[in-house]
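Have a look at the structure below, then the notes.
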Amino acid sequence: MGRFIFVSFGLLVVFVSLSGTGADCPSGWSSYEGHCYKLFNQQSQWAHAEKFCTLQHTGGHLVSFHSTEEADFVVKLAFQNFGHGIFWMGLSNVWNQCSWQWSNAAKLKYEAWAEIYCVYFKSTNNKWRSRACRMEAYFVCEFQA
């Protein structure tokens, strides 16, 4: 009897330990390093995709990459699920946070940008490219678990 309790307790400890190794993501989301990711099979403009991601889960946004390994994980996920395609990620110049300065050191007081650009990746590699944010692409949402 004592051996049965010991073995049962040991199995419980192993189960609890293993269940904590991945992020606790909702059904349909994939986990990696404490974050949850979901690819959406619909195309949208960047701003609409970002808004959609914020509505999917508290703290949700378009995916942001903080390491080569994370980017490789998401790109592989995109290719496995969709084959070839382009996917928005959360990088853009929409908020115009860059500190532009004229070569004569004058501050930028007048702007006439032609386009606002957002960044996407292809599901065939993890190289980033930019295109007009008004264009449509698939997208990946992410939140921290």
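Every residue gets a Cβ built from N, Cα and C, even glycine.
Look at Swiss-Prot and you will find SER64, GLU70, GLU142 tagged as Ca(2+) binding site. The annotation disulfide bond is assigned in Swiss-Prot to CYS25-CYS36, CYS53-CYS141, CYS118-CYS133 on the grounds of sequence analysis. The annotation domain 'C-type lectin' is assigned in Swiss-Prot to 32-142 on the grounds of sequence analysis. Per Swiss-Prot, the feature signal peptide maps to 1-23; the stated evidence is experimental evidence.
What Swiss-Prot annotates, mapped onto the structure for a quick look.
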residue : record              : DSSP class
CYS25   : disulfide bond      : coil
CYS36   : disulfide bond      : strand
CYS53   : disulfide bond      : helix
SER64   : Ca(2+) binding site : coil
GLU70   : Ca(2+) binding site : helix
CYS118  : disulfide bond      : strand
CYS133  : disulfide bond      : coil
CYS141  : disulfide bond      : strand
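Neighbour counts of Cβ atoms within 10 Å were compared across the binding-site residues GLU70, GLU142; the minimum falls on GLU70. Highest Cβ count within 10 Å among the disulfide-bonded residues CYS25, CYS53: CYS53. Across the structure, CYS133 (disulfide bond) and SER64 (Ca(2+) binding site) place their CA atoms 16 angstrom apart. GLU142 (Ca(2+) binding site) sits 7 Å from CYS53 (disulfide bond), taking the C-alpha atoms as the reference points.
In the structure as shown, the Cβ atom of CYS141 (disulfide bond) sits within 10 Å of 24 other Cβ atoms. Candidate recorded positions: CYS36, CYS53, SER64, GLU70, CYS141. Nearest to CYS118 (disulfide bond) by Cα distance: SER64. Model confidence over the domain 'C-type lectin' (32-142) stands at 89, taken as the mean pLDDT rounded to a whole number. Take the mean position of the Cβ atoms of SER64, GLU70, GLU142, the recorded Ca(2+) site; other residues of that chain with a Cβ within 8 Å of it are HIS35, TYR37, VAL63, PHE65, HIS66, VAL74, MET89, GLY90. Across the disulfide-bonded residues listed here (CYS118, CYS133), the residue whose Cβ sits among the most other Cβ atoms within 10 Å is CYS118.
The Cβ neighbour count for CYS36 (disulfide bond), using a 10 Å radius and every protein chain shown, is 23. Take the Cα of CYS25 (disulfide bond) and measure to each of the recorded positions CYS53, SER64, GLU70, CYS141: the nearest one is CYS141.
In sequence order, the recorded positions near CYS36 (disulfide bond) (Cα within 10 Å of its Cα) are CYS141, drawn from CYS53, SER64, GLU70, CYS141.
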